[in-house]
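A.B. asks: Among the features that TrEMBL reports, transmembrane segment is placed at 32-58, 188-207, 213-233, 245-267, 360-381, 393-416, 423-441, 447-468, 507-530. According to TrEMBL, the domain 'Major facilitator superfamily (MFS) profile' annotation covers 86-535.
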Amino acid sequence: MAEAQLVPNRVSQEEQTEVLEKTLEKVGNEGWWVWCVFFMASTPGLFNAAHIMSYVFLSHTPTHWCQIDELVATNWTNQQIISVSTIGGNSSTSFCSYYDWNYTYLAQLEYQEALKYTSQSPKPKLIPCKKYDYDETVPKSSIVSEWDLVCENAALRSNAQVSIAIGKFVGGFIFGFIADKFGRKRSFVLSCLLYIVSGPAAGFTQSFLVFTIARFFIGIAGSGVYESAYTILTEIAVKKRRTIFGCTFNMSYPVGYITLAIIAFYFQSWRSLQYAISIPTLFLLIHCWFIPESPRWLLAQGRRADAWQVIQGVEKSLIPDDFFHNSKIGVEGSNKSKSWFKRLMLSMGKLLSIFNNKELCSRIIICYITWFGAALSYYAIALNADNFTANRYMYVALNGLTEAPSYILPLLLLTFLGRKSAASLLFLVCGSALISILSLSPEDKDVIVIVAMLGRFCISAVFAVIILHTSELFPTSNRNTAIGTSLTMSQLGSIGAPYIVDVLGAYGWYIPSTICGCLSLLSGLLILLLPETKDKPLFDNIEDLKETHHNDRVSIKNCCFFS
């Protein structure tokens, strides 16, 4: 502070802030710098997408049956072993047990003699499989055959995907705190380092538990790198650039899906695939070196010298020399971050105030259902390749091809329709498409995939609409709380999706898509109860609700009004 006291009248604190803001506007509007930041901020999405969707390949369940050592030693084919030892059938549950024959005796016979013996003899009791054999071109091509995640252990398979979803949930809190407290760049660097370590660790381990833990840390890292990079970009970009950046930032995800399908085609073993999508994260070290700290965050912390230094490297001519002499003004008086406990109590108070108000309580419950349904449907459709018996490589690539244009659709719909009408339309089309799968035969694979991709297209597009609608439904004092808790509900949907696909899908291939279809239809109808917010002023506090018109409240009458 001593240096600041020597030149107290040179330039005021407010003038420094104003000039820095104008400099950011100019750099973000005309310079190449912001486009480089956009590239560095968006490319980690390739790795996020690859790790999320790799579950389709890593956890593929091959046809399996009980391993019977006595018969394996013979020259019988796999199908001959199955026909003698099991009940038969096409479902995976048919191969979780086997008949308790005297296999030492059967192994001494020719297959036809053994088949005649077993068909004419009374059937012995069924006993659970002790070991399994798998129908694989590449041995141990998936984590399922690596750790026998079938039959009574089938639910454990879903944990591999749930762990990454929980990691994303936890990572949002951890790296959100780090980004606010220690800076966006430090948060980005730490999450990149965690990414670089946890990815290969998942492929190296010999333990399913360690694999699941590694996937958990991959989720934490993915959430941290995404949120930190996006925050840096939005705090550097000018207003007119934020719209296009916001729409195209996630384009790296569909590109990642398509790239993953190509990589998985050449790397059939799950370990080689895990290495193939993890080792390239070393390129993020380049991002860590060149991506800048957010000048706005530095300014908010009172670190004006550091903020000027970031911009000086881009456009030095824009910065008055006098400012560097007075760059420490405001360091001691900068905004202090509240303790995490105080922030938690403040957030809880705002959440309780929403539920204490009948109108806001109705709105938030509808938002929770729609966010949960959207996320559950989004991930369940993406992971449902095995239940549809679709070509996994083509299915994942189609997910990417359908998601890319879905980022543009909301811009077109919101030009002509209101928020609730656009969201309801997308939900209803998605739900109708998924429900219609019930009328199709399992043999109609191509038609099923096309209909599922229509649902995927609509559910991908709906996120941009519901986040906008949610932000406009609540007062300024409670807006962040409403959006944050709605995002939490969507994370719960992503956590539940693998269990819907794997556990319930084992009872019927159509069950996951039917559940998602029903949830989408319910969400589409519930949204119609909400008031329309397009072209209407936002209100600042809960008391302003008392002055709203009855049409601007949750009501069955709103179903009759579209805009």
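Using N, Cα and C of the backbone, Cβ positions are placed for all residues, glycine too.
What TrEMBL says about a protein is an automatic prediction, not a curated fact.
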A.B. asks: Apart from its near flanks, which chain residues at least 6 from the ends of the transmembrane segment (188-207) lie with a Cβ under 8 angstroms of it?
C.D. replies: 44, 47, 51, 171, 175, 178, 214-215, 217-218, 220-225, 228-229, 232, 270-272, 274-275, 277-279, 281-282, 284-285, 287-288, 291
A.B. asks: Are there three or more C-beta pairs under 8 angstroms joining the transmembrane segment (213-233) and the transmembrane segment (393-416), sequence spacing 6 or more?
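C.D. replies: No, the stretches stay apart by this measure.
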A.B. asks: Which bits of the chain, at least 6 residues beyond where the transmembrane segment (32-58) starts or stops, bring a Cβ under 8 A of a Cβ in it?
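C.D. replies: Long-range Cβ neighbours of the transmembrane segment (32-58): 142-143, 160-161, 164, 192, 195, 199, 215, 218, 222, 225-226, 229-230, 232-233, 236-238, 241, 245, 248-257, 259-260, 263-264, 270, 273-274, 277-278, 280-281, 283-284, 287, 290-292, 314-315, 382-383, 385-386, 392, 395-396, 399-400, 498.
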A.B. asks: Over the domain 'Major facilitator superfamily (MFS) profile' (86-535), what is the model's mean pLDDT?
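C.D. replies: That stretch averages a pLDDT of 82.
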A.B. asks: Quickly jot the same-chain residues contacting the transmembrane segment (423-441) by Cβ under 8 Å, restricted to those at least six beyond its ends, or write none.
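C.D. replies: Long-range Cβ neighbours of the transmembrane segment (423-441): 370, 373-374, 377, 381, 409, 413, 417, 447-448, 451-452, 454-455, 458-459, 461-462, 465-466, 469, 510, 513-514, 516-525, 527-528.
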